[in-house]
Amino acid sequence: MKMLLPWELIILLSLKACLADNTRHGPVFTQEPSDSVFPLNTDDKQVFINCRAKGNPPPHYRWTVNGRAITAESGPNYSLVEGNLLITNPHVVNHRGVYQCIATNTFGTIVSREAKVEFAFLENFSGKPRNTVSVREGQAVVLLCGPPLHYGEIKYSWVFNGQRSFLQQDARRFISQRTGDLYIAKVEASDVGNYTCAVRNMMTNATVFSSPAPVVVRRDAVMGEYEPKIEVQFPDALRVSKGSSVKLECFALGNPVPSISWRRADGNPLPGKIKINHSAGVLEIPYFRPEDAGVYECVAENSRGRNVARGQLLFQNVEHLHWLHTLRDADIAIDAGLQWECKAMGNPRPTYKWLKNGQMLTAEGRARIDAGKLTISRISLLDSGMYQCVAQNEHGSIYASAELKVVASPPDFTLRPVKKSTVVQRGGEAVLECRPRASPRAAISWWRGGQLLMDAERQTIMDDGTLRITNISKADAGRYTCVARNHFGSSSSTGTLVVKEPTRITVPPLSLDVTTGQSLVLPCEVSSDSSLNPKFKWFFNGKAIDFSRQEHFEMIGKGFAGDLMVRNIQLKHSGKYVCMVHTEVDTVSAAAELTVRGPPGAPEGLAVTHITDSTVQLSWGSGPDNHSPVTMYMVQARTPFSIGWQTVATVPDSVPGQMMHATVKGLNPWVDYEFRVVAINSVGVGEPSTRTKQIRTKAAVPKVAPVSVSGGGGARGELVITWEPVSEEHQGGEDFGYVMAFRPVGSSTWIQTVVASPEASSNGEGQFSHVVRVFSAEEEPSEAPSSVWARAASASEIEVHWKRIPPGSSRGKILAYEILFWEDGSRPSEAGRVRIISATTALLSGLKANTAYQISVRAQNSAGFGPGSAAFIVTTKKPPPNRPPENIEWKLTNSKIFLNWEHVKTMENESEVTGYKVVYRQAWNGMTSVLETNKTSVELQIPTGDNYLIEIKALSEGGEGSSGGPVRIPKMSSLNSEGYACPVPLKTCHFMMFFVFSMLVL
């Protein structure tokens, strides 16, 4: 190998340090010039064309116009402001053109995209007078505008007779925005005057006016009527780009003034987005799309005829150039090869050219160019620089830039040393990589213990320098050194090979058959090198089990065991389970199949055929048996009258698992049914099939006879028959009704009647019920109750008594008695009524005090009421006394309370006092005790240690009197105390009682 001189090595290492500095790079554009149109009438008279690039060191800039370099000799109008080009006092001719920016630093040069620069301007009309236009009235005229030189969007208008406003277009007058000409379809006398064409530049906002063109009307004749002549029309074929807006002009001359309309030649309606101006002379299609393409027709029509102009709009799919694959900066080792590819999309298809440092790159020597591909073989330092791929077509060009850095360096293991420790299993394979950084590529050799390693039966040195050793043994363990050399120097790196015993699965999982709901453990135990830490991982049907998200799976065991527990197994757990054990040196695995048997799945495709009044035929397809054959099928049905699904009888009685059809029997006629089928296997009952659509069995004669037939009662001359209605489920058809047969006892002839609609017999009659005996209707009772008497029980109550009517003495069976009562002097029709079922006494309440009442009693049977008894007059008692007992005194001695009060004096209209009622209870308990006495004092025996409430009322024949409110007796344990109740509010009385008590204690 050639040795380098010291000065050569110093130069190359310095170059290496320079190239390795990532902060230094060639220029990259951040802003490029673009096509622009500048107005010339701006106040500052300056134009900026932008260009910026980043780079380290910062780049400097140059510009070209129309391929010529802009230098000091180009004139004082040009100057540079940083990277931007400033044009002062631009001239429309001298400074328009195609500009390019060029950026350069020590790493190379790049050129920007081409930018077309134009200047918007508008020159003045010639001052030359225009000729007079002489026309006949009714004739058409065209006034030419002849606009001056200009650049930029132009708008045309006309001025009539110097008026301040522009001439308005209408159906008779039209201004073409393509030529500026004014068209008058039919001249009138009012059109005589001077016409001036006005041209406005929409970018500079400048407006210029032509000389006036006089129009006069000849008086020698009037133009006759003639058919339309289309004078302004659009091209026969026009290509329109996607998304652009297109305007079509059409105007016709004629007498009478023609009308203009638009249509598509294919008959399709015009798109809704189309705009047509007020005179119909311009049709505009915004946002042009493929469906807008076609032949459009302009129709001009008047009373003398019509004319048609047509043109075709062609959709032009102009796809602007854009990169599909661009360039990236490349750091290439010396003597290596380079291949760059750029690819752009556009319509038409683009062509390519390559630049190096801004100059055209040709395919010669080591460089080859194939369209967008650049290949350079045996890279040298001279190939360093900035490269650009240029894609171009008739619509423009785009540039992609990249920097090529050529690297030259001795071998270096700093970034990629040999792996310090490589651990492999005995009998396995070791791969030791050697990948130093070197330019050019280094020659690799391997050493062990001072011995150079050569290719042998178990060891191979690969082309990339990797050492591969197969069938590893313990003797292969040790230190291995890689030595790398190129003509710039050499370097080495050492690593250690460690040999371990292989891992083996000693207890693998076994394939099993289980039933849903069970739990099991799949074992997985290994033997391995004691220095290794095996890690277990389980897979189910090819996917790793995430134990944090699986409630059915749990890995149990530790160390050299990693068993899998599966709880509450479901059908979805059928499949392949793999236990994978990974160590630092190897990976082993074992698999098992788990078959889960469960109840069968739902039968499929259930269908109903051959429907009769009591049977249907069902057929179905088998569902999944879930690893356990179906032993039988069960058919279930549901009706609007059933509670849920019910198992129904079938033919055969038990449907075997291999049979996919059955006849359902025992159905009710004219009933809506739904059916489903359930499969059964040795594990259990499966899911039901999808239910059928609701079907209705055919109609038939009712099969069920009415039950609970009875009757009797009703109005005179009637025979009432009652029965329990037959449910809708058993009626068997529409217009259901009943046939009633009856005969007098002892007669053999049945009399029949029908209770139903006229069509009830269309299906026939069902069975008759059992024969029962009923009685025809009774007559009202013929006599009144006897021994009727009454007494006043109080001021608001009267007791009434009577004797029953003996059986057989009156017509019919007596069901109840009714008491009628009314105030003496009022009408019996206003009487109150009380109905009594079985007793012969009644208590009338809620009556007025001291009032005479008339009372009558009458009997009732199923036919109605009999005659009432003679009225009995009784007067209620006077009302009880209104005043309560007063001046109540009490004395508590141990467990006794002594009470005294004043006698209640009654008013003349009140009942006399016959005694007193004492009501007492504990304050916290709802249980009440009552004591009646005819004295004004009483002794009560009560337990001590609690509060008591006591209430006293007067008794009289008129009832109980009023109470002055409860008297509270406080808890006093075993002490003696006294109290007094006064007719004042309760709180005041309590105060007085406690005051008396305190006086007694003192």
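Cβ atoms are placed via backbone N, Cα and C, with glycine included.
Owing to the predicted nature of the structure, the values given are computational and were not obtained by experimental measurement.
Sequence annotations record features per position, and here TrEMBL assigns signal peptide to 1-20.
Residue counts for the domain 'Ig-like' (27-118) under DSSP, helix first, then strand, then coil, are 3 helix, 52 strand, 37 coil. Feature annotation from TrEMBL assigns domain 'Ig-like' to 27-118 (among others).
The domain 'Ig-like' annotation in TrEMBL covers 123-209 (among others).
The domain 'Ig-like' annotation in TrEMBL covers 228-309 (among others). Note on the domain 'Ig-like' (228-309): its mean pLDDT in the predicted model is 91.
Across the domain 'Ig-like' (342-405), DSSP classifies residues as 3 helix, 38 strand, 23 coil. Sequence annotations record features per position, and here TrEMBL assigns domain 'Ig-like' to 342-405 (among others).
TrEMBL lists 411-498 (among others) with the feature domain 'Ig-like'.
Annotation source TrEMBL lists domain 'Ig-like' at 502-595 (among others).
For 602-700 (among others), the entry in TrEMBL reads domain 'Fibronectin type-III'.
Taken from TrEMBL, the feature domain 'Fibronectin type-III' covers 784-879 (among others).
Residues annotated as domain 'Fibronectin type-III' in TrEMBL: 884-974 (among others).
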Per-state residue totals over the domain 'Ig-like' (411-498) - DSSP helix, strand, coil: 3 helix, 46 strand, 39 coil
Seg_contact(the domain 'Ig-like' (342-405), the domain 'Ig-like' (27-118)) with at least 3 CB pairs under 8 angstroms, min sep 6: yes
